[in-house]
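Sharing a structure, written as structure tokens. Questions coming.
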């Protein structure tokens, strides 16, 4: 057992057996690796065919969204202008109603004064000669205003 050639031969046989065992175990792994490589190649081919049209569709969708955003912005701006015009119209209508109110009150006050003047009993001439008539009492401007208010 001290022969070195014997031990060299045993070592070589053991190395050969180990290499055979490693190859037997590695063959299924290499086959799976080849199958995975084929699947990856098919995936890359599919992506190469389908990805450019999809990216183009996404780009067009982005452009359409931009156009719609612009349209909506214009619509909102237009609606804001309409609201401003309506507010201005309401303000003008309020002013006109105030003017009509003042004018109507003035007309009614004038009609009332005319009616009172029209229906005032007429003074009958007195039978005294003008030389005997006493002059009317002097009234202050305040008294005249009060008489106008009472009418």
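Even glycines carry a Cβ here, placed using N, Cα and C.
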Looking at 6-30, 31-55, which one is transmembrane segment according to TrEMBL?
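Checking TrEMBL against the ranges 6-30, 31-55, the transmembrane segment one is 6-30.
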Looking only at residues six or more beyond either end of the transmembrane segment (6-30), which have a C-beta under 8 A from one in the stretch?
none
